[in-house]
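Here the structure comes first, spelled out in structure tokens, and everything after it is commentary.
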Amino acid sequence: MEKFRVIGSTQPLQGEVTISGAKNAALPILFASILAEEPVEVANVPHLRDIDTTMELLERLGAKVERNGSVHVDAGPINQYCAPYDLVKTMRASIWALGPLVARFGQGQVSLPGGCAIGARPVDLHIHGLEQLGATITLEDGYVKAHVDGRLQGAHIVMDKVSVGATITIMCAATLAEGTTVLDNAAREPEIVDTAMFLNKLGAKISGAGTDSITIEGVERLGGGKHAVVPDRIETGTFLVAAAVSRGKIVCRNTHAHLLEAVLAKLEEAGAEIECGEDWISLDMTGRELKAVTVRTAPHPGFPTDMQAQFTLLNMMAKGGGVITETIFENRFMHVPELKRMGAKAEIEGNTVICGDVDRLSGAQVMATDLRASASLVIAGCIAKGETIVDRIYHIDRGYERIEDKLSALGANIERFRD
């Protein structure tokens, strides 16, 4: 099993890093390509395990998939309608295959998905949305099966709970429905906006993406087109936090400040100097005092849950007691016991973690438990005294492209090895 060996240093991380395309936009866009009867080209797709799995899944369905810089998908030849367990078990995002399959072909089935073990992420909202569009859904032998005679039908859907995943499922399925769908209490994340932009380039008629009310006028077919995936705001935030806790200075390229305004505001509150350009963000923490901040995760445009673990580490290294409250997912403080193994001070009370400050962490053997938690452990290793071994780094490979190379370019001492 692969691991990271990180040798900590008191030297600040400095330099430039190029941000990859957003996994959380690339995945739904690749699944949405199932809807297209003509070839599509998707640029700025990160090289990640989940992307590779998605491409393999599309090929299993019968699509022609090729990667030479951009990802090219021809979903015209699709003749299979089942996302099998052997692929789906590793990736929760595979549920996004269901809506496009039933919308275009009238049938689809997806094995109940896997992914990060960070609490309840039920597929009920996906299922209920497809049912409201006229699909018949059954659960059999561990598979979610969807069927419709003819086309799905447009509907007015009010989501019981704000859900990024279900918003994407319903929006994609409704593009080929007969009539107009209005989706209220929709999620507003930038990745939803990006998916809608992609679909509109193929001939969909979607308006309101990025607000809590999305309108989709159904069309009979989608054609081909080209699209570049939006930059990864979570990767951007992760590297900015890495620079902040190391008292460094970095520039993130190929990213946009409007994607992570809540994160930038908290970094400034923590004492960082932030500057932004059209496609770059810089952070300077040189000679500045890191101050603890109070964070409460919330749906976009609030503070993203995917940055919670990184800010937990920031608060542990900052002056003053920081409090972080997680409102999106349960069981998302699994990084805290691992950081405490490195000497961090923190107490978990329900959905809140209260951090105390320490002068410096100490290297230790730690275990990654989910994607974002693993990033916080790697950053902790960069600033700790001595050697840190991060185990189960397959989690980090699901969401960060070449993180060890990018950190090394900033001055970190990190290597991947297999024992």
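FYI, residue positions are counted from 1 along the chain as it appears here.
The backbone N, Cα and C atoms fix where each Cβ goes, and this holds for glycine too.
Since we're looking at a predicted model, the values are computed, not measured.
Here is what Swiss-Prot records for this protein:
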- K23, N24: phosphoenolpyruvate binding site (BINDING)
- R92, R121, P122, V123, D124, L125, K161, V162, S163, V164, G165, D306, I328: UDP-N-acetyl-alpha-D-glucosamine binding site (BINDING)
- C116: active site, proton donor (ACT_SITE)
- C116: 2-(S-cysteinyl)pyruvic acid O-phosphothioketal (MOD_RES)
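Known features from Swiss-Prot, placed on the structure.
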{"residue": "K23", "record": "phosphoenolpyruvate binding site", "Cβ within 10 Å": "26"}
{"residue": "N24", "record": "phosphoenolpyruvate binding site", "Cβ within 10 Å": "25"}
{"residue": "R92", "record": "UDP-N-acetyl-alpha-D-glucosamine binding site", "Cβ within 10 Å": "20"}
{"residue": "D124", "record": "UDP-N-acetyl-alpha-D-glucosamine binding site", "Cβ within 10 Å": "12"}
{"residue": "K161", "record": "UDP-N-acetyl-alpha-D-glucosamine binding site", "Cβ within 10 Å": "11"}
{"residue": "S163", "record": "UDP-N-acetyl-alpha-D-glucosamine binding site", "Cβ within 10 Å": "21"}
{"residue": "G165", "record": "UDP-N-acetyl-alpha-D-glucosamine binding site", "Cβ within 10 Å": "21"}
{"residue": "I328", "record": "UDP-N-acetyl-alpha-D-glucosamine binding site", "Cβ within 10 Å": "20"}
**Q.** N24 (phosphoenolpyruvate binding site) and R92 (UDP-N-acetyl-alpha-D-glucosamine binding site), distance between Cα atoms, whole Å
**A.** 12
Q.
Using only C-alpha positions, which one of D124, K161, S163, G165 is spatially nearest K23 (phosphoenolpyruvate binding site)? These are the binding-site residues in the record.
A. G165
Q | N24 (phosphoenolpyruvate binding site) and S163 (UDP-N-acetyl-alpha-D-glucosamine binding site), distance between Cα atoms, whole Å | A | 13
